[in-house]
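Right, one structure below, let's go through it.
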Amino acid sequence: MTVQAGDTSLGTSLDVVAVVAAGGVLGAEARYAVSLAAPHAASQFPWATLLVNALGCLLIGVLMVLVTERFRPHRLVRPFLGVGVLGGFTTFSAYAVDINRLLLAGRPAVALAYAASTLVAAVLAVWLGATATRRLAGATAGRPA
């Protein structure tokens, strides 16, 4: 790759990567703290992972409305909070591992219930976060910020 004088695209990419990485560390640490606070056996329903994923989806719904419809934040806010913090907090990999562990523990009905409930909870949480934020933002639109 050749960089021309005055080309700031590489610098722009590096600062985005840096804030995503920093946010990811914070989000992953928060998720790990939840897993320590609410551990579960391989054969038990993984409530902590379900709640982390649903909460992360709720917050991404809030964030997306705020950064796309309500405010014009610094260009690094969305990658830091959305991709970094919330991407690090939510976890598709633990979701998949939990399903596999339930199957290996001979609990296919629980695995299916967990798989389905996580998907439903995630979609509903994004919708709820976005809808509630729009309503609250609309209710305060006439007030000074």
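Here the Cβ of each residue, glycine as well, is placed from N, Cα and C on the backbone.
The feature transmembrane segment is assigned by TrEMBL to 45-67 (among others). Residues 27, 31, 34-35, 37-39, 73, 77-78, 81-82, 86, 89-91, 94-95, 98, 102, 110, 113-114, 117-118, 121-134, 137 of the same chain lie 6+ residues outside the transmembrane segment (45-67) yet bring a C-beta within less than 8 angstroms of a C-beta in it.
Sequence annotations record features per position, and here TrEMBL assigns transmembrane segment to 79-97 (among others). Using a Cβ-Cβ cut-off under 8 Å and counting only residues 6 or more beyond its ends in the same chain, the transmembrane segment (79-97) has close neighbours at 16, 19-31, 35, 46, 49, 52-53, 55-57, 59-60, 63-64, 67, 115, 118.
The Cβ neighbour count for GLY87 (Na(+) binding site), using a 10 Å radius and every protein chain shown, is 19. Annotation source TrEMBL lists Na(+) binding site at GLY87, THR90.
Remote same-chain residues near the transmembrane segment (109-130) are listed as 43, 45-46, 49-50, 53-55, 57-62, 64-65, 95, 98-99, 102-103 (criterion: CB distance under 8 Å, separation of at least six residues from the stretch ends). Annotation comment: TrEMBL describes 109-130 (among others) as transmembrane segment.
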Does anything in the same chain, at least 6 positions from THR90 (Na(+) binding site), have a Cβ under 8 Å from its Cβ, and if so what? GLY27, ARG31, VAL52, ASN53, GLY56, CYS57, ILE60
Tell me, by DSSP, whether THR90 (Na(+) binding site) is helix, strand or coil? coil
